[in-house]
Each structure stands twice: as C-alpha cells, then as structure tokens.
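According to Swiss-Prot:
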- 1-97: domain 'Pyrin' (DOMAIN)
- 177-499: domain 'NACHT' (DOMAIN)
- 183, 184, 185, 186, 187, 188, 189, 190: ATP binding site (BINDING)
- 844-864: repeat 'LRR 5' (REPEAT)
- 901-921: repeat 'LRR 7' (REPEAT)
- 930-951: repeat 'LRR 8' (REPEAT)
- 958-978: repeat 'LRR 9' (REPEAT)
- 1015-1035: repeat 'LRR 11' (REPEAT)
C-alpha cells in the first residue's frame, strides 16, 4: 500500500516539482522531445494542448497519457537527452526505482537504435542528406597547381574563423544574431559556408548553438517561383517536407546561411508592413528573403550572410544590429609561399614576388586564390618568352591584358577558337550591363536575350572566359569578377559611335556617370573604370587587337576628355571629386600626355594618402598636372616603420620605392610653375621625408606662396622650415596650426623672421603648445621683421605675462603688424591693461581678436577706454566668449560714440541680455556710428530687444551684417525685424537667425521681407522648426526671380519628404540660390572681417 501511494505521489506532484525547475526554453525543448517519444498506441497526441500547457497542465497531461511509472520513464529519458543529469539522479534517488526499470543508460542521450528512431526529429536524416550534398566542399581548382599541405593550412585558418563567428562580443557583451561574411569575389566565402554546413551535419560545429542549419544559395533562389517559407527550407529534407512545426517551434536554435547575397536579383524595396511572418503562406521568393533579412520572418533566428564588398552597402540597408567579418583570403606570407612553390626556379619566384609586391593594388588582388594562380601562370609564360614581368605588373590592366591574351594563345599546337568582332562585342555588352546592374549570374534565357547564342557561350566556355555552374542548372558566370570587369571595359573600346544625344544610348553607356562614380557610392564600378582607363594605353590596345584579330577604337579618349572638362568646370569641391580614385585610373593609362590633358581643368586637388599605392599613383599623376595651383594633401601610415617578414633580400623591399615616389611628388613644388599653395595636414613624415620636402621648398624654381603644415610632427624641430623661409622669397603665408613645435621651434622661426631675406607676411601658430617663454623671441621678431603683418597665436598658454612682452613690440614704431589673434590664450583683465596702452600708441594694428579669454567687465572697460582714444585706429574687435555682462554695454556705448574707425564688432556668447543690447542700440543707430558688421550670437536676447534692433537696421546706413543666432527671439521678434527689412533704405546684406525658436508662423513675414528687400543676399535659418507649412510659405518667394537671396541656411534633411521636394524644386527654379545646412559666412572668398583671424 505504501509503495502504491508513493508511486502515485510522484507522477501527480513530484513530476511537477521537476518541471518547475526548467526555464522557459528548457520547457519548450522538453515538450518537443515529448512529442517525438509519444507511444503509438495512444493515437494522436493533443499537441496543441501540450504546446500551450503550463507546467501543472503538462504534468496532468503526462499522467493521463502515461499512467503509473511510464510518465517518469519518459521524463527521465527526456532529461537525459537534454543533458540534465542532475535532475535524473535526484529523481531516481527519490522514487527509488530499480536499475532494471530505469537503467543508467536510459538517462543519457544514448546512441541505441531505439533512441535513434525516437529522436527522428533531431534531423538525423537531414544531417545525412547535408553530408551527401556538401561533402565536396574545398574546390581544388581554386588553387590549381599548389601542394595539398598548403591547401590544408588555408583550411585550418578559415575553420577557426567559422568557429568564432557567433561568439559573444567582448566589447558589448552581446551575442551577434546576424553575421555578414564579406570579401572580394573568389576569396572563398561560398567554400567556407559550405564547409560550415558539412561540419554542422557531422556534429563538429555549432552543436550547442543551432539545432538546425539551412543553406540558401542566391543562384538557386533566383530561379524559384512562389512558395511558402516552409517549402523553401524543406528543399534539402529527405522527405517531401520536414517536421516543420518542430523546426519552427524554437526559432532561436535556427541558423540560416544566405550565400551570395550579391547574386540575388531582387530589389528589396517592399515596405515593411507588406512583409510576411507566416512561414506557411505562399509568397514570391523575393518577399520571403526580404522578410527573413529584415527580421520580420523568424526574428529570433540567426543569419549568416555572405556578400562581396561591392554590395555590402546595399545589404547594410536591410539589416539591423549586424556584425561584419571580412574574409581577407591569402595573407602576404601565404601569397609569398604560394609563389615560391609555384615556380621551380627560385630566381623566377623572387622576381615575380618582387614585381607583384611593387604594385600594392595588384598584390592585394592576389589575396584571391584564383587571381594569384592566374597571375603566376601568366607571368610564367611571359618569363618563358623572355618578357619583362616588371612592366607587366606595372598596372592591373597590363597583367589582365596579358592573362586574357594567354587564354586565346595556341598551346601544344592547338589553335583556340577566336570570337569574331560581333561575338566579342556581344560578350562585352553582357559583361558591361552586368557590372552596372550588379548582375554576376546569367541564365541561359538572359544570355539569349542579350544576343549570345548557345554556340557563343560554348565557345567562351572553351576559352575559360565563362563557366557553367556545376550544381545549379542553366547558370553561367564569368570565371572571375575581374574577368567580367575587363570585358566590360572592352565594351567601351569596341563601341563604334560616341555621338552626343544618341536616343538609343543605354544607361551603362553613359561615360559621364561612370566618371562621376565613386568607390563609396558605386564600388561595383571601380575596377571596371580602372580597366577602361588602362585600355587607353596604345600598347594594351595593340596586344588585344593581335589577340582577337579585331579593330579597337581610341575615339573614346576624346570623349573621356570632354567629360573630364565638364567635371573640372562643375561646382564640385575637390574632396567631392575623389581625385585619388581618378589618379588610380589615370595611372593605369601610363600615358603622360593624356594625364596632362585630363587634368588641365583642375586647378585644385585634394588627396588622402594612407597606402603605398596611393603615393605611387599620386606622385605619378601630379607631375603631369601642369595647371595646378593648390594641392591639399594628407599622408599617413606610409612612412611608418614596419618589421619586414619576407624571404626577399632587404634591398628588394619597397622602402627605396616609397622614398622615390615621395621625391617625385615633392618635385612638383619646383616643376609646376603655377603651383602656389600646399596644404599638408594630419601627416606622419619621417626625417627623410621631411628633408625631401624642405629641399624642394628651397629650390630656386619653387613658386609656392602659401604653405600650410597643420597637425604635423617635425622630427628635427623647425630649423628646416626656418631655413626655407630665408631661401624662398615667394613664401608669404605659413600655417603651423596644431603642430607641436613648442617654444624652441618658435625660436628658430623668429630667427628667420628677423632675416632681411624673409618675406613672410602671415604666420599662424594656433595650438602649437607655446608658453610665455616664447613671447620675448616673438616680440623681438615683430620689431625686426619688415614683412609680417598677420600673426595668429590662438589657443596657446601665453598668459598675461606673455602678452605684456608682445605689447612691448606693438608699441614699438618699427612693428608693422596689422592683425593679431590672441584667442584662448589665458588672458585676464591684467592683460587688457597692456593691450589698451598698445592700441593707443600703435598706428598700424587694425584687427584684434581676444575671444575666449576671461576678460570680464573690467577688461572690457580697459579696452573701451582705448577705443575712445583719438589715436586708436582699430577697425575690428572680437570679444566673443569673454565673460562680460550688460555692465560692459555702458563702457562700449561711450567709447563707440567717440570711435570713428571701428567697423566690425563681435560681442557673441556674452551675457548682454536685452538691457545691454538696448544701451548699445542707442549708439548703433546714431548717424556717426560707422559699424558695418555686428555679431550678437548667443547673447541671451529675447523679442523684447527687437524694436531697438529694428531701429538700428533702419537708421544705420552702414550696417551690412547682423547675426542674432542662438537667441530666443521667436516669431514675434522676427516679425518686428522683418518690418524693418521691408523698408527701402535697409542696407542689411547678411542676417543670422539660426536657432532662434522660429516656427512656420514667422515664414510669411520672412517671405514678405525677401520680396521687398533687394540687398539681402544671405540668411541663416538653420536649427528652427519651420515645418512643412513654413517651407510652403517660403517656397513661393524663393523660386521667384524677385528674390535676390543667394545663400539660405537650411538643412533639407531636417524636413519631411514633401518639404524636401519643395526645396529641391527651388534649386531648379532659382539656380542662383544655394540652400545648405552650413550657412557659414566665414569663408575664404568672403571679405568679411571675422575671416581675417
């Protein structure tokens, strides 16, 4: 009786206790195993009840369907399969079952035949099917001719990468749910994820992470018709459809591998609300894939997506919270090892490796195994014929021309089938259209529509230009992306006519669009564009004409030059034009005359050199840019020392080559007679590089007038710069902002300034780590120099003592300085006393900036005393952020009444408030006030002072510029100002109203003022909530020819789509009006006073 009660107690209550110990995910797993192990005699299990059951309900269901001891027997088996050994042991001890009833083996996830059958839902058959399908993973053709042990080394490296793809991020602590494996075409992405499928099926990868892994290939998916997601993932299941409910029941244990995203021919433009989450409903496959990628379908599931670098930007727009991993391919050591194993003659190997490594772009391409093999094969043929591999490796186009030609070269007496010109043109058109549309997989029907017959395709397959996919029917691809890009470039060389306005011209034939493309916006076009320029080389053309026995036209040269001229005359800034990419293309031509012609319309270039290849192409092209006047340049990484890891002798390394390229680049300073400005910034130059630069600066033919060396580290201080200042009589402007020259560096500069041969007029030393100790040297230089008129010492810790020394020079009659900036130099009221005396005695100083110093009201009083002195000739005074209050308004008002020279005053970011401004306005509207530019930005003003400001606008005929930004004027205040702006005697040309709390309510007043005022040409309205209604009101005026506004400060992206359309329409109707967010009056071309600092 006791036994009976005991056995009934545990099924009724004891089992519930154990179920309570399972977390939510473990409970779901328990239910799935329960579904799999239900005994047949019980008939259909009420799965819907089990799936929804809480723990107590589940215990009751098990009692019902497994009476007596059977419930515990099933439960213990499930606990064992879930590897919950502790629960198994505790349960067995409590119910004291004998070993015969429940043996130890029953509590483990055993491998008996019974358990294999019971756990059919674990995907055993599916795993077997995957093993059959993916057993041949590593494509031995990808590295033809290499030893097996080399192949094994690459496999081991990439296997480790696979194992850690879904590891927890050590920085964020998050486990990635979406991993994007990106890399160049052919680098091995597909091979790697197929290997992942095989390893998972064999039980050696992701076993604790994913219960099911599914492989979805882009090429196959493109050919599928409408279906459900369940049908899509069941394609590899042994039966018609897998145990889909079980699979979907725990989506967090699913991994979907989406291979070759770049080959999916889907636009992915479906709105999110239209996407599907029901895996049983049929949809177009494009909808299913979009739903999966955008986490609408099975949001808990994990994704591993492979894509080429050229389409990663397109993929990024679809994904949320993804983790990028780049597959780099063969390392430098691996490439070297491969080359040395490919060539039996080690001298040949050394020559090939050295030649490839000298071209960083080409050597980078060889990270792809197939490209490395092709390069070695091609260069080996060249060397066997006695050719110069150095020339072949000079450009990527030269090497690929050689390789493509080798595919049609007779071997062993055989004669390859050459395509006729029509066939070749059709192939090139297919390639070009594919590159433009990012189509890399072609189906038989597509090729037929594009003009390639099956006979044509077979011919190109025989020549290893095109290959048929062995697994997916009717799929064709070029043997490598670079092969497609090369034939795409050839399309433009075979095109017969380049007449303008040809109505039959297709988008991919637009050369102007191709030239304007950038690697950031259109990375898929970059290499094709390089190949196109490379094919302009006459030697390349002759080689291809011999190979294909056809005629290629160089008429495209003149067409490209026309497009370059249009770009050169456009409004694009140098940074927008992407000169580095252009130089890559021009370098491919190796045609000096063409480069000179192409660059004749570009007076200014901006390039950022951060790789050796950048230095190579820039130095080559800049020598032939004869019309250059300005070079803006940044050089990083290139000159950093590195430990060499190569078996080559050290004299073959590219250190000498880097020096030679830098020498070539710097030689432009004396070979280009038009060059006037060099802006070298944020650059790391070693001692040798700096010596080369200074040597060129001292060259007698160097005509440079303006030299900017901002944020530069000088290995040997400023001695070389100082010497250049003496030798180069053309140099008038030197900017060393952010360069850590220190007091010692300034000492050297001051010695040069005192030299009679030094003609420097402008010296900018902002943020140069200067202290009071350099001020005596500067003071002496100011007295001795007869040319220096502009000195900027901002953001240096000079303090009042340093300024005292400078003021001694300012009071000297031989000091010729006209403009001085001491912004953020640690000055106080004490420093103003010295400056005040200097202003009275100095007859030449016209511009003084004291911004960002704690002068206080006492300091302003001292400056005001100087201003009202009759001998003070100051024209511009900047007191921005000087920590004074409305009390200073009284001092300034008095001095401004007497001062006749001051025309520009900046009082921004001080606590003036309405009362202070009202005091100033009494002076500003006085007929004798000569003020032209007034800066009151951020002065804690409200609409209460706007009547006074309006009075100034009306009564001061000299006032041209007024900035009231960052004040709480609101709509009522602007309405008052607009009333004044409408008067015909208003002379305001620039008005700043940024961040003034404006809404759409003031836009009608602004519109009215813009119509009436014929002098207002610049207005800033950024950081206001004008909204769509406000833009509608402004739109009517802005598009009118009566509106004379030239620059309007507005951020288009801050408005909704409809408002943005209106602003775009304004640009069409009124092309003279520029709308931009950075409506900055302080531009170099503007003669506004503030730019002088």
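Glycine too: its Cβ is placed from the backbone N, Cα and C atoms.
Here the features listed in Swiss-Prot are placed on the structure.
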residue : record           : Cβ contacts under 8 Å, 6 or more apart
183     : ATP binding site : 189, 306, 308, 309, 326, 327, 328, 329
184     : ATP binding site : 308, 309, 329, 365, 367, 368, 481
185     : ATP binding site : 308, 368, 440, 480, 481, 482
187     : ATP binding site : 327, 328, 329, 367, 368, 369
190     : ATP binding site : 259, 260, 306
Report summary line: Of the listed stretches 844-864, 901-921, 930-951, 1015-1035, the one with the highest count of C-beta pairs below 8 angstroms to the repeat 'LRR 9' (958-978) is 930-951
Query raised in the report: In the repeat 'LRR 9' (958-978), how many residues does DSSP call helix, how many strand, and how many coil?
Result: 9 helix, 4 strand, 8 coil
**Report entry** Cβ-based neighbourhood (8 Å from the centroid) of the ATP site, residues 183, 184, 185, 186, 187, 188, 189, 190 excluded
**Finding:** 308, 327, 329, 368
Report summary line: Among the binding-site residues 186, 188, 189, the one whose Cβ has the most other Cβ atoms within 10 Å is 188
Query - Where residue 189 (ATP binding site) sits in the secondary structure, as DSSP reduces it to three classes - result: helix
Query raised in the report: According to DSSP, does residue 184 (ATP binding site) fall in a helix, a strand, or coil?
Result: coil
Query - Overall pLDDT of the domain 'Pyrin' (1-97), taken as the mean - result: 68
Query raised in the report: Tally of helix, strand and coil residues over the repeat 'LRR 5' (844-864) according to DSSP?
Result: 9 helix, 3 strand, 9 coil
Query raised in the report: Under the DSSP assignment, what numbers of helix, strand and coil residues are found in the repeat 'LRR 7' (901-921)?
Result: 9 helix, 4 strand, 8 coil
Query raised in the report: Taking DSSP states H, G and I as helix and E and B as strand, how many residues of the repeat 'LRR 8' (930-951) are helix, strand and coil?
Result: 9 helix, 4 strand, 9 coil
